[in-house]
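Asker: Below you'll find the structure I mean.
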């Protein structure tokens with residue numbers, strides 16, 4: 001079984017935040033090393049500094065590449081300038097440079113087939129900006145680098161509670177003009193496919209939230225529901241995608257109606273993430289769906305306010321590891337099923353004789 005362990009590439013994120021703390025705390029539990037082979041892309045020197053400062057009992061090996069990572073060990077690939085300094089809670093362009101270097105190396109080794117999935121620790125979206133990185137965040141960067149032309153979908157999840165976003169990191173004033181029928185349909189299709197292939201749900205039920213208060217109140221508070229969202233949903237229903245709504249976000253979330261669906265599609269960032277984080281901040285996971293690569297991250301940021309104090313909970317990061325493993329395994333099973341589709345055997349009655357007929361499962 002050892003050779004079948006999933007190799008998880010972990011990017012260090014912002015070295016002045018809680019990234020190393022949650023990584024080291026997660027893998028201080030020996031049972032985590034039985035599930036996967038974790039490889040940190042970062043700095044052994046920085047990792048050792050965090051380990052000592054936070055008094056975390058986690059050992060690691062230094063390797064040149066993920067191909068050298070040993071079983072039942074946490075490994076660190078050095079891809080950061082040894083002179084970089086850790087200054088807890090301080091936004092620093094050098095820390096941003098180190099975060100980008102780790103991300104680039106992880107992507108490079110993923111392309112080489114040395115790791116199976118990527119789990120990213122939080123970055124500072126300001127200090128990482130450079131000529132090489134001009135994106136709002138991880139999601140858009142990874143879509144550009146590893147998407148192969150596919151569009152991504154941001155999903156925040158905890159167990160069966162999954163919230164996806166039509167629009168992500170854009171100003172509120174641009175939301176209404178950005179949302180189109182085509183964009184909603186694109187996100188619904190990705191969400192539907194993800195729920196089936198990545199989470200093994202046979203017939204996913206998706207709830208769609210409205211853009212305007214009270215779902216537009218019959219046009220009194222806006223026409224986007226009537227002119228964009230509902231027509232988009234009707235066309236998707238004709239293609240076999242099960243979607244309901246649009247629901248007013250406040251009543252839908254406040255009533256607990258979200259528990260009756262496999263996924264919820266929100267129109268914009270805070271509409272989806274505010275209730276999600278209120279309900280599942282501690283161990284929620286950010287999953288980037290729709291791409292060939294499996295990428296997850298914890299649902300929190302750099303948490304500068306508690307960096308270096310030993311107060312950060314590793315629960316969300318641990319769940320990000322679990323989700324990456326589960327999705328990768330589900331995709332492998334899906335791939336195997338497509339290569340060797342199950343065959344149905346049934347008898348067809350003809351002229352008082354039974355004829356064995358073989359049929360293959362629809363490949364969707």
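Note: Cβ is positioned from N, Cα and C throughout, glycine not excepted.
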Asker: Which of these, 260, 269, 300, does Swiss-Prot say binds divalent metal cation at the same site as 169, 214?
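Answerer: Within the candidate list, Swiss-Prot flags 269.
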Asker: From the Cα of residue 269 (divalent metal cation binding site) across to the Cα of residue 295 (substrate binding site), what is the distance in angstrom?
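Answerer: Rounded to the nearest whole number, the Cα-Cα distance is 19 Å.
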Asker: Residue 138 (substrate binding site) has how many other Cβ neighbours within 10 Å of its own Cβ?
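Answerer: Around the Cβ of residue 138 (substrate binding site), 25 other Cβ atoms lie within 10 Å.
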Asker: Same-chain residues six or more away whose CB lies under 8 A from the CB of residue 169 (divalent metal cation binding site)?
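Answerer: Result: 136, 137, 139, 140, 269.
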Asker: Would you kindly give the Cα-Cα distance separating residue 214 (divalent metal cation binding site) and residue 277 (substrate binding site), rounded to the nearest Å?
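Answerer: Residue 214 (divalent metal cation binding site) has its Cα 22 Å from the Cα of residue 277 (substrate binding site).
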Asker: When DSSP states are folded down to helix, strand and coil, where does residue 169 (divalent metal cation binding site) land?
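Answerer: Coil, per DSSP.
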